[in-house]
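Here's the structure, in structure tokens; my notes come after.
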Amino acid sequence: MSDNALPATQTPETAPFSRTPRLLRAVVPALPFLWLLIFFLTPFAIVFRMSLSQPATAQPPYTPVIDWAQGLAGLWAALGELNIDNFLLLADDYLYVASAFSSLRMAAVSTLLLLLIGFPMAYAMAKAPENRRPVLLVLVILPFWTSFLIRVYAWIGILKPEGLLNTVLISLGLIDQPLQIVNTDIAIFIGVVYCYLPFMVLPLYATLEKMDWTLIEAAQDLGCPPWRAFWRITVPLALPGIAAGALLCFIPIVGEYVIPELLGGPDSLMIGKTLSDEFFKNRDWPLASAVAVVLLIIVVGPVMVYRELETRRLEKAR
Amino acid sequence: MTEARTEARTEARKRDSLAIGAVRRDFAPWLDPHAKPLIRFDQVTKRFGDFVAVDNLTLHIYEREFFCLLGPSGCGKTTLMRMLAGFEEPTQGKIVLGDQVVSGIPPHRRPVNMMFQSYALFPHMNVEKNIAFGLVQDGLPKQEIADRVAEILRLVQLTPFARRKPDQLSGGQRQRVALARALVKRPKVLLLDEPLGALDKKLREETQFELMDLQVNLGMTFLVVTHDQEEAMTMADRIAVMDRGTIRQIAPPGQVYEQPASRYVAEFIGDVNIIEGRIAASDAGRLRIARTDGEGELAIEAPPGVATQTGQEIAVALRPEKLVLHREPPAGAQNLLSGEIWDIGYLGDWTIYLVKLASGQIVRVSRANASRFVEQPLTWDDKVHITFAPEAGVLLTQ
Ligand SMILES: Nc1ncnc2c1ncn2[C@@H]1O[C@H](COP(=O)(O)OP(=O)(O)OP(=O)(O)O)[C@@H](O)[C@H]1O
Ligand SMILES: [Mg+2]
């Protein structure tokens, strides 16, 4: 059969089988947006609206409530009553500002600690013989097999005054008074680093594993001692993994609630804890919502910066 | 431009010859029993588990020598270089560089630079930074680094690409960056692992001559791996032909080609016809060989210094360009092989004729196309006769 004997409808664009992919091609990219719209943007809009309301002893515990019976007029009436008092209150009250800063500090220090511990681990894994790497990978993920809460409780058992650590240290004669670790920031750091380590190690391992080690050899061959080669070659090439791991840890740690609640002291200030207190103890939903909005902004900031840097890097590479 | 360069090269050679008191073609320190080698592999063995990559190998390379390693894939060429550069330690034996046994010296302290077969360019640095890397490590002044990088960029014709990252370059350009990065440090010993494989023919030839110039001008010692035997022939002072971790022959290019020590070397370097036989008689430096296929006898010259005895099974190596084709058997030919043309390959400058002998063996004959038109050209199935001079055949006992 010659070429022009083919019916015109059999060209690739109009062939029957290409229809489905085309439809899919349109729908598939829309799916994440749909997901975000339903499960993120809508709830966020509700929370944001609530943050502009006033607390009330009622059900629901805030005003204004949109009176849908009056139709659009009710919506306009409610919108007119919204204001930014809650945000002004947050900015004004030392407690909220301090808890935001303390959360950021906590997250920054923890992320640094995670990097310092996670990098050597990921490096050792990437350098391990190929047949041993899957086992090491499983070992890193293994803690996820038990509940997060149980693992944090276990740390209380280890760190409390009459706990495992103090008993061992005392019986070794290294100390004679139990160390007060539980209910301090140190306990929070221990818990956070322990819980988030896999999130740091995995992205680092993923980049280091792809690393071409002959580059290190080339650097050494050109007169670069191993330690300097590490800083000049390995670290720059691992930067995407470092950034991914740092974000993956930093963002949730800023809003971390469970670990400071269980391991930290009554006066440990974390924005997640403040939020929960406002919501459940004070039943001040609007203020709690305002805290949530601020938390989101704090957390989205670094992601934006990272995205910006990444695009700039890619553009420069082009 | 090429002429200018040729002139410069000749000048450089002259200067060099004045400096060392001999013209380059007399450069043969390996013949001098008092010459001290710069690089010595002494009975070096390298094992990876059970696998022997380098097998009890001894090799001496002299200062200012351009030394080529030639051998099939996996014969241990890269391993040999990596041991010299310090990335692998020999399992047995020792490697001496200058006066120093190098085992235990880390790679960054060895006065040796290597161009990697995989190039190993730093992906996060542009071409300029890649090339400058080694000079920065030496702590040279900024201006000198800039000057030397610019100079070497010009040499490898990459000046317009100085600001590009490696992944924005073609394969050949990357290879030239790798070459420049190793060259720019002007080390005592330069190891090049397939430095020109990805370049096109013209650029490769130019770069070959550039390398030879540089090597002479800077007084460096080159150890070069190549798969391309023409390249080895062009550049090398000596060639080592390797086979599964051992060296089969070390000799200057002409000698490797014209006096291969074994059938392996003869077949590896260039095209060759091997005719098997047995020594029937020997008199006054001439050997009479009875062909195994029973088609008659050959007369070849006995090689000096090779012990032969009557009745010994041997092989005769014949290079295609040393064979002469005739339509009619010439009278009084000492060596005559008869057959018919089985295939013809026209290469422009040469034509290759594949001649099928009565025994079924295919003999390759090449003929220079000296004139543009030939009356009655040879064609398929023509009966032909091949003759060659007694000194054209090389006797191989291994
Ligand atoms: N690290 C290693 N572990 C195990 N075997 C190795 C290792 N390095 C090299 N080999 C083996 O040693 C042999 C020689 O390798 P080498 O890289 O020296 O070959 P080569 O002559 O450079 O080959 P090519 O021309 O293909 O580059 C090969 O069979 C290779 O598989
Ligand atoms: Mg190799």
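Just so it is clear, glycine is given a Cβ too, placed from its N, Cα and C backbone atoms.
Feature list (source: TrEMBL):
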{"type": "DOMAIN", "residues": "A:100-306", "note": "domain 'ABC transmembrane type-1'"}
{"type": "TRANSMEM", "residues": "A:26-48", "note": "transmembrane segment"}
{"type": "TRANSMEM", "residues": "A:94-123", "note": "transmembrane segment"}
{"type": "TRANSMEM", "residues": "A:135-156", "note": "transmembrane segment"}
{"type": "TRANSMEM", "residues": "A:186-208", "note": "transmembrane segment"}
{"type": "TRANSMEM", "residues": "A:229-254", "note": "transmembrane segment"}
{"type": "TRANSMEM", "residues": "A:285-306", "note": "transmembrane segment"}
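Counted over residue pairs 6 or more apart, the CB atoms of the transmembrane segment (A:229-254) and the transmembrane segment (A:135-156) come under 8 Å in fewer than three pairs, which marks the two as apart. For the transmembrane segment (A:94-123), the partner stretch with the highest count of Cβ pairs under 8 angstroms, out of A:26-48, A:135-156, A:285-306, is A:285-306.
Proximity of distant same-chain residues to the transmembrane segment (A:135-156), defined by a Cβ-Cβ separation under 8 Å and at least 6 residues beyond the stretch ends, is recorded for 121, 125, 128, 163, 182, 187, 190-191, 194-195, 197-198, 201-202, 205, 258-259, 262-263.
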